[in-house]
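Pulled from TrEMBL:
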BINDING   S93, E162, H190  Mg(2+) binding site
BINDING   R311, D330  ATP binding site
Amino acid sequence: MGEGGDGSSKPTPYEEALDALSSLITKRSRADTSNNGDCFELLSDYLKILELDEPISQLKIIHVAGTKGKGSTCTFTESILRHCGFRTGLFTSPHLIDVRERFRLDGVDISEEKFLAYFWWCFERLKEKASDGIPMPSYFRFLALLAFKIFAAEEVDVAILEVGLGGKYDATNVVKAPVVCGVSSLGYDHMEILGNTLGAIAGEKAGIFKPGVPALTVPQPDEAMCVLEEKASELNVPLQLVRPLDANLLNGFKLGLEGEHQYVNAGLAIALSSTWLQRTGHLEVPYPEHTTSLPEQFIKGLTATVSLQGRAQIVPDNNESPEDLVFYLDGAHSPESMEICARWFSLSIKGDSQEKILSCQPLDASRSSHDLVQRKPDGKSRKNSTQILLFNCMSVRDPQLLLPNLMKTCASHGVYFKKALFVPNTSVYNKVGSHSLPATDSQVDLSWQFALQRVWENLMLGDKGGDEKSTGAVFEELTDDTEMAVRSCENSAVFPSLPSAIKWLRDSVRKSQSVRFQVLVTGSLHLIGDVLKLIKK
């Protein structure tokens with residue numbers, strides 16, 4: 001922040017742009033269709049105002065929808081094609097810290113200078129033409145339009161677009177003729193908008209299918225697969241089922257993104273990339289699914305360090321004792337992804353506590369989670385480890401589906417949480433950018449967090465597993481230090497803000513010199529972004 005002539009704080013040009021972007025955010029539920037700016041038909045008017053119809057038709061686009069893994073699939077696909085020598089553009093959502101994360105050119109977030117130039121070019125033209133009939137577009141729709149402008153002006157060879165929500169009425173679906181479409185794993189999410197059955201959800205995701213354009217998907221539940229096949233048949237779309245990548249094809253290297261489920265996403269990315277290469281004249285035929293080898297560029301693209309924050313990410317606290325407070329970040333927010341998250345966390349902490357210590361700089365986003373730990377010479381753990389859950393999810397999601405899956409999967413691996421902390425989001429939904437983080441509001445409505453706590457406590461009553469001997473006394477020692485907690489129960493606590501929960505964790509580390517805290521942060525990508533902002537300070 002700069003200083004004005006009267007000594008007052010003056011926003012930077014970038015903060016001014018973020019404030020303007022914030023004006024497009026409403027506090028309405030995403031299921032509320034009362035705002036005309038959300039009308040899908042208006043997108044054609046916005047494209048005309050921005051003179052983007054022709055430029056979009058020239059882009060060679062890969063379009064990806066899905067419930068789980070679409071961001072990872074897009075990230076792998078971009079990396080493969082970049083290593084093949086192409087200029088790439090990647091549009092993903094949501095961002096966790098900086099909105100520029102959504103727009104990548106050649107694998108790097110767009111520069112502030114370019115972002116500002118393209119942002120104001122689009123914003124001012126739309127503002128000039130805005131009327132009651134054609135209002136300013138809503139937040140995500142503006143960002144999608146901005147992505148089209150950036151990729152067209154930067155003349156990328158390939159634009160990889162991740163669907164924001166659903167498919168049929170998503171802002172990215174103004175694309176009329178992508179080169180190839182993909183559908184990652186489907187599951188139950190955003191049911192208030194997409195429907196209460198897997199068939200209904202699959203129908204919305206299949207809305208990105210275009211007549212005659214190849215579509216690729218991964219193994220799906222039968223109900224979802226039947227709908228995808230039906231929609232593909234109606235549009236004469238060749239639909240191909242893609243199997244997970246065989247790890248042996250990586251020649252001993254590891255995938256750039258961590259987790260067993262990433263082999264499913266990598267398999268889809270390989271098929272999307274090879275189909276794109278074939279249909280754009282760079283390859284005679286796509287690589288067969290059961291190939292015995294992959295091109296070197298594909299292996300490099302899959303195994304290179306890729307940055308996808310908030311997905312199976314391990315980050316030490318940027319504080320006094322980073323090795324004693326470690327955050328395991330995963331933005332899982334559906335029942336299926338919660339199981340995957342729990343399995344990843346359980347396997348990660350077991351290896352970490354038995355034979356690894358932290359040896360990296362905090363928040364090095366350019367490095368993968370593989371690089372965050374290394375073996376201690378004697379292979380022994382330095383301290384006892386305690387697992388803490390830091391959780392929040394949107395009120396449209398059902399904690400009775402999320403929390404039991406998390407607890408049961410961890411328990412099946414012998415992992416039991418000693419305390420669950422429930423917090424509201426620090427970020428506010430009508431602002432963008434870290435400069436807009438609000439001060440702690442003692443009057444914040446915590447009724448949803450109390451509801452989450454009740455679910456957790458009831459689950460704990462039915463599952464009292466775990467070894468209480470080594471670390472149970474820690475919380476007896478800490479129970480007096482709960483002035484920051486609104487309500488502390490035996491197995492959980494509700495905090496009025498995320499900063500107060502982080503403070504409690506840091507105080508706990510200082511008071512418990514013999515214990516190392518491993519904190520799983522999950523339930524919401526908004527929460528993940530907030531934690532990253534706070535522990536970066």
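Start at 1 and count along the chain as shown; that gives each residue its number.
Glycine is no exception: its Cβ is also placed from the backbone N, Cα and C atoms.
Bear in mind that TrEMBL entries carry predicted annotations, made automatically and left uncurated.
Keep in mind the model is a prediction, meaning the values are calculated, not measured.
Here the Cβ of R311 (ATP binding site) has 25 other Cβ atoms within 10 Å, regardless of which shown protein chain they belong to. Counting only the Cα atoms, the space from R311 (ATP binding site) to S93 (Mg(2+) binding site) is about 13 angstrom. Its own atom aside, the Cβ of D330 (ATP binding site) has 26 Cβ atoms within 10 angstroms in the protein chains shown. Remark: S93 (Mg(2+) binding site) has R102, F140, L143, E162, G164 as non-local neighbours, by Cβ distance under 8 Å and separation of at least 6 in sequence.
All protein chains included, E162 (Mg(2+) binding site) registers 26 other Cβ atoms within 10 Å of its own Cβ.
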